[in-house]
Amino acid sequence: MQNKARANPSEVEVAPERLPGGGEVQNPCPEVSAGFLSRLSFWWFTKMAILGYRRPLEEQDLWSLKEDDCSQKVVNRLLEAWKKLQKQAVGHEAAAATGKKASGEDEVLLGGQPRSRQPSFLWALLATFGPSILISMCFKVVQDLLSFINPQLLSILIRFISNPTAPTWWGFLVAGLMFLCSMVQTLVLHQYFHCIFEMALRLRTAITGVIYRKALVITNSAKRESTVGEIVNLMSVDAQRFMDLAPFLNLVWSAPLQIILAIYFLWQNLGPSILAGVAFMVLLIPLNGAVAVKMRAFQVEQMKFKDSRIKLMSEILGGIKVLKLYAWEPSFLEKVEGIREDELRLLRKSAYLQAISTFTWVCTPFLVTLTTLGVYVSVDQNNVLDAEKAFVSVSLFNLLKIPLNMLPQLISNLIQTSVSLKRIQHFLSQDELDPQCVERKTITPGYAVTIDNGTFTWAPDLPPTLHSLDIQVPKGALVAVVGPVGCGKSSLVSALLGEMEKLEGTVCVKGSVAYVPQGAWIQNCTLQENILFGQALDPKRYQQTLKTCALLADLEMLPGGDQTEIGEKGINLSGGQRQRVSLARAVYSEADLFLLDDPLSAVDSHVAKHIFDQVIGPEGVLAGKTRVLVTHSISFLPQMDFIIVLADGQVSEVGSYPALLKRNGSFANFLSNYAPDEDEENMKDNRTVLVERLEVSGPLRSPLVKLSVFWDYAKAMGLYSTVAICLLYPGQSAASIGANVWLSAWTNEAMTESQQNNTSMRLGVYAALGILQGLLVMLSAITLTVGSVQAARFLHQALLHNKMRSPQSFFDTTPSGRILNRFSKDIYVIDEVLAPTILMLLNSFYNSVATLVVIVASTPLFTVVALPLAVFYVLVQRFYVATSRQLKRLESISRSPIYSHFSETVTGSSVIRAYGRSQDFKAISDAKVDANQRSCYPYIASNRWLGIRVEFVGNCVVLFAALFAVIGRNSLSPGLVGLSVSYALQITLTLNWMIRMMSDLESNIVAVERVKEYSKTETEAPWVVEGSRPPAGWPLQGEVEFRNYSVRYRPGLELVLKKLSLHVHGGEKVGIVGRTGAGKSSMTLCLFRILEAAEGEIRIDGLNVADIGLHDLRSQLTIIPQDPILFSASLRMNLDPFGYYSEEDLWRALELSHLHTFVSSQPAGLDFQCSEGGENLSVGQRQLVCLARALLRKSRILVLDEATAAIDLETDDFIQATIRTQFESCTVLTIAHRLNTIMDYTRVLVLDKGMIAEFDSPANLIAARGIFYGMARDAGLA
C-alpha cells in the first residue's frame, strides 16, 4: 500500500495541500522518521507524553496525518471498491434477467433462478483493508505462540526448586529466559495492536466519508425514510462500532488456536482427565451463546428507543421557542420520559444478563481447574498432584481463560457490528437522485428551461405531485409562478433542480443554476462565507451584492460586520436577514438561471420593493438572466415577461399579465379579489444584537477530573449500592487467594508422602472456596448494574428537567448540536459504558493487590523491588493519564463539528447540489474528519506507549519473583514457588488493564460532569407559583398595559425596548409596525416573558405578569408565531398535546382554519403523521395548523407575529377573516406585514428604535403625516 503511494509522484506532490493546516506538512509525525528501536518501544511518543503532562495540549501540538491516513485517500479506496461491487451486482441482475430468457438449460443446472444480489458492504471493506488485516495476523500468530513458552519455563523452574542438587546458574538462566520471553511477547503484541488500531482509524474515516458522500445524493423519498438524526447516528454510532470491533477481529481465528495449544499442553501434563474440564467449557458455550443472543435482541430494541428519543429531543430543541410560547413543555417532557423508561427497562434486563455472563466467565477457569484436578485425583490412586502439575496447569488454564473470556465479547461485538453493517448497507443502497433527470447539455435554441410532458413525484409510492407539465422559458426571461397553497409551486422549482423523481417527460436546463429556497438555508460560518459560498472574493461585486440585497444596514448592526459568525440554522439572524443572505448568495454566484422560491415573503414591503427593483426586476442586477420567481405578491406581476398559473399540480394558464387578465380565467378572479393588496411586511425583529461570536467548540475543561464527579456518580447510584460494592470485591479476592493457597498446601503434601490420602476433603474445601468466590462475583455484578441503571435514570431526569426549564437565551447562544450531544453521546456513556468500566477496574485492581500479597507472602524479599516498581508504574500512569485525557478531549471537541457539518449538509443538500458545490463540501467534511483523526492517532499511540512501559513493570515482577525463588530455594516449598510465579505471570495483564480502565473511567466519567453541568444551568422562572395563581378565567377583559417597560436580550447587551408605556383596552385591535430592528417581536416575547423585564412591568387585567407562574401566563395567551413549527407526531398531538379538547372541537378548529378538506382526505384523519418539521405539509398548511392551535385555545388575548408571511393571498384572506369573526371580542396585537390588514384596526403602534414613535388610529396617523404615513404611501394606501 505504501509503495503504491510512493511510486506515484504526482500524488505526493498534491498531498501537502490536502493536509489540515494547509501549506507544507507542518509538525510531521515523529513516527515517520523514528528508528527501529524507537518504533519498537514507541519511544517517539515520549515527547508528547511529557508535553501533555506539563501543560494542556492544543490543536497545534498535534502531528499532521500521514499520507495514507488522509480522508481523501482512504475514502476513495473504499468508494472504488464499493462502486465496483455495485457494478457487479447490477451486472449480475442484468445477467440473471437475460440468462432467464436465453436458456432454460442453464436454469436447471443452477437450480432455480439466481437470487438478486445486493452488493455487500463487508466485501468492499475487506477488499480495501485486507492487506492491513493480513499484516496484523502475522504479529498475532507470533504473539500467541510465545505466550505458551512461559508455562513450560515455569515447570522447569519448579523442577529446579524440587531438585536440591541442580546448579544455581540453571535457575538464574530460567528466570532470565522468562523475562526475555515476556519482553519479546510484549513488543510483538503492541506492534500488533498499533497495526490494528491504525487500520481501525482508517476504517472509521472511510465509512464516515462514504456515508457523507451518499447523503449528498440520496433521493427525497429515501431521506424521508430516515430523519436527519438517524442519518447522523449512522455516522457517529455505527461507524464507531466498526472501530470498536477492530481489536477483537483476529480473535476469530486466534482464540481457537490458543485454545487448541492450551489443551495440547494440558494433555501432556495431566493426560486424559483434562477432557472433563474441556467438556465443561464446551458446555458453557451454548449457555453464553443464548445469553448473547438475548442481549442482542435487547440491543436492537434499545437502539430503536434511543433513536426515537434523540429524534424527539432534536425536535424539541428545534421548536423550543414554540413549546415555551404555548406552554407545552410538560406534554413533551412526558413523551421523552416515557421513551426513557422503556429504554431503562431494557437496560436493566440486559444488565442482569450481563451479570450472569460475568459470573460464568469468572468462575469458568476455576470450575474447569476444579473438575480437571478432581477427575485427575479420583481416577487413579497413583495420580499424585504435585506442584509442577498443579501450577503449570493453573497457568495454562489462565492462558485458556483469555480467549474464552474474549469470545463472548467478540460475539456481542460482532453482533452489534453486524446490526450497524446492515444499517449502513441499507443506507448506502438507497436510491440516488438521477443526475440525468435534468438534461444539462442540449436544449431548444433560445430557451433556458423547457419541460416537455413532465410528470414528477416526491416518492415512487406517492401520487405524482406535478403532472403533464409543458413549460418553455426563453433565455433572459423573467417568469412568475403563482397559484394557491399546495398547488405545487415549490415542487416545480425542485423538479427543475432534479430533486424530484421524474416519471415521464423531459426537463432541459441550460447553464449554471442559483437557487433561493423558501426557507433560507444558512451555514454555521461567517456571513461573508455564506454569501461567497466557496467562490473567490471580488470586492466590487461583493459590495454591489450587499447593496442590492439591502444588507448594508444589517451589517452595521452586526457585531462583527460581515465577519460575524452565524449560529447554526442562522439562529442569530432575523427571518428577513436570512432570506436576504440566501438571495445575496444567489446574486453573487453570477449563474445563468435563477430559481427563486418566494424570496420576498420574509422581508418587509419597502425592502421587497427595493429588492425587486434592484435585483429581480427588469432594471435589477439580474436583468438579462433567466429568472423563475415563485411569488404570492401581486404588485410585481405587471412587470413580469410572463406568468405561469398552477393549480393542483398542473399548469392552468400561461401568458403575460395583460393577456391573462383579458382571458378572464382563474388568474383574473384571483387578481380581482386582491388588486388593492400589497406585499406583506414580514421581518423578524432584529435579533442580531444578541450575538457575540458564537463559541463553536464548547468550553475546554480543566485537566483534572474532580473527585466530586465520582462522588456525584456514587450518589446517583445510591449509597447502599456503593457501600455494598466496596465490600463485595475484597471478599471475592480473598476467596480466590484462599482457594489457591489451599491448592499450594495440597501439592506440598505430595512432597512428604508419595500418596495423598484425604483427597475428598482437599477437593471439598477447594470447591467451597471457589464457589463462594463465584457467588460474590455474581452479587457484586448485580449490585453494580442495578446501581448504574439507577444512576442513568437519575442523571437523565435531572438533565431533561433542567433543559426544559432553561430560558430561551440559553438556546439562542448554545448550538443545539452541543445540547443534543449531552443527550445522546454522554447519556449513552452513562447508560452503557460506565458500569462495565467500573466493574473491570475493580476486578483488575483487586487482582493486582491479590498478586502482590501472594508474592510478598511467599518471598518477603520481593518488598524491596516492589517499591521502585510501584513508583515507576505510578509515574508512567500519571504521564499517560494527563496526556491521554487531553487527547481524548481534543478528540471530542473536534468530533462535534463533523456531525454538525453533516446534519447541516443533509438539510441543505438541495442548495449544495443546485450550486454544484458537492465536491467542495466533501472536501470540507474530509478536512473536519482529518482534524479529528489528528487527535485520535496520538491517543492510540499513547495507549501503546503506556502498554509497553506497564508490561515492562509486569515482566520485572515475573523476573524478580523467579529470581528470589531461585535465591531462596532452600527455604521454599515448590508449591509456594509455583503459587507466586503463576500469580506473577498474570500480573502483566492486570496492570495493563487497570491503567486502561482507570483512564477509560476518567475520560468517561467526564460524561457525568458534562451532564451535571447542563443540569445546573440557570432556569427560567417557575412554571407555576403556588402562592399566586391567577383567578380562574383570567384575563376576562384582556387589557394589556406596559408601564415604563425596558428589556434587553441578555445581561450586558443594549436595551431593545426603552421605557415603553402604553395601555391597550380589552377587545382592542392594535397593529404594531416599524422598520427592522424596531423591537416589534421583542414586545410579544416580553408579553410571554420569554424575555424578562430590565425595569418596569406589564399588567394584564391589572395583574402584574411577573408575579405568576410562566405556564399560568402563557397558557392564557394565544400566539400565532412567525415560523410555523410542527413536530413529527400525529396532527392531533400537534394541535392538542395534552388531549384537553374533544374530537368535535378539533374538527371545528380545522374547519375554521380551512384545513378540513385536507385532513378529511387523509386516510388517517386526525392521526395523520406529520414528518420532522412538518416537511410533508406546505408552508401555508403549516401556518394554518398554527391558526387551528390558536382557535382551539381561544384566549382573550391573541398575538399575531407576522403569521401570514408565506401564504398566498387567498389563504391570507381566510386567516384575516377567521380572526375577525372568531376573535371579535378578544384583544388582538398584530405585528403587521401588509398594512392593509391593519387599516381597520382601532389603533396602530409605530415603534422606532425600541421606543414609541406614534400611537393612534390609522386615520389620525395618516392625517398626521408621520412615519406611518410614509409607510402607507409606499404601500399605495395613502
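Even glycines carry a Cβ here, placed using N, Cα and C.
Model, not experiment: these values are computed from the prediction.
Here TrEMBL flags 134-416 (among others) as domain 'ABC transmembrane type-1'.
Taken from TrEMBL, the feature domain 'ABC transporter' covers 449-673 (among others). Taking the domain 'ABC transporter' (449-673) as a whole, pLDDT averages 86 in the prediction.
Taken from TrEMBL, the feature domain 'ABC transmembrane type-1' applies to 731-1003 (among others).
Taken from TrEMBL, the feature domain 'ABC transporter' covers 1042-1274 (among others).
Look at TrEMBL and you will find 1-26 tagged as region 'Disordered'.
Sequence-remote contacts of a segment are chain residues at least 6 beyond its ends whose Cβ falls under 8 Å from one of its Cβ atoms, and for the transmembrane segment (121-142) they are 1, 77-78, 81-82, 84-85, 188-189, 191-192, 195-196, 198-199, 202-203, 206, 242, 249-250, 253-254, 257, 421, 424-425, 428. Residues annotated as transmembrane segment in TrEMBL: 121-142 (among others).
When Cβ-Cβ distances below 8 Å are used as the criterion, the transmembrane segment (169-189) is approached by residues 40-41, 139, 142-143, 146-147, 149-150, 153-154, 156-157, 160-161, 947-948, 951-952, 954-956, 958-959, 962-963, 965-966, 969, 988 of the same chain, each at least six residues removed from its ends. Here TrEMBL flags 169-189 (among others) as transmembrane segment.
The annotation transmembrane segment is assigned in TrEMBL to 245-267 (among others). Below 8 angstroms of C-beta separation, residues 133, 136-137, 140-141, 144-145, 147-148, 151-152, 193, 196-197, 199-200, 203, 274, 277-278, 372, 393, 396-397, 399-400, 402-404, 406-407, 409-410, 413-414, 416-417 of the same chain, each at least six residues beyond the ends of the transmembrane segment (245-267), sit close to that stretch.
According to TrEMBL, the transmembrane segment annotation covers 273-293 (among others).
Among the features that TrEMBL reports, transmembrane segment is placed at 355-379 (among others). Residues of the same chain lying 6 or more positions beyond the ends of the transmembrane segment (355-379) and with a Cβ under 8 Å from any Cβ of it are 266, 270-271, 273-274, 276-278, 280-281, 284, 287-288, 291-292, 385, 389-390, 393-394, 397-398, 400-401, 404-405, 408, 736, 739, 756, 759, 763, 766-767, 770-771, 773-774, 777-778, 781-782, 785, 839.
Long-range neighbours of the transmembrane segment (763-786) within the same chain, counting only residues 6 or more positions beyond its ends whose Cβ lies under 8 Å from a Cβ of the stretch, are 348, 351-352, 354-356, 358-359, 362-363, 366-367, 370, 373-374, 377, 721, 724-725, 728-729, 731-732, 735-736, 738-739, 742-743, 746, 835, 838-839, 842. Under the heading transmembrane segment, TrEMBL lists 763-786 (among others).
The annotation transmembrane segment is assigned in TrEMBL to 852-876 (among others). Long-range contacts of the transmembrane segment (852-876) within the same chain, counting only residues at least 6 positions beyond its ends with a Cβ under 8 Å from a Cβ of the stretch, are 737, 740-741, 946, 949-950, 953, 956-957, 960-961, 964-965, 967-968, 972, 976-977, 979-980, 983-984, 987, 991, 995.
Marked as transmembrane segment by TrEMBL: 952-969 (among others). A Cβ distance under 8 Å defines the sequence-distant neighbours of the transmembrane segment (952-969), meaning residues of its chain 6+ beyond its ends; these are 150, 157, 160-161, 164, 168, 171-172, 174-176, 178-179, 182-183, 186, 851, 855, 858-859, 861-862, 865, 869, 872-873, 876, 977, 980-981, 983-985, 987-989, 991-992.
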